[in-house]
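Note sheet for the following structure.
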Amino acid sequence: EGCCSNPACRTNHPEVCD
């Protein structure tokens, strides 16, 4: 949800989905 489902944000913050 949020940054986790946003490809650009996920690229910059890969640990957010961890």
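Note: Cβ is positioned from N, Cα and C throughout, glycine not excepted.
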Cysteine paired with C4, where Swiss-Prot records a disulfide bond, from C9, C17: C17
Alpha-carbon distance [C17 (disulfide bond); C9 (disulfide bond)] in Å: 10
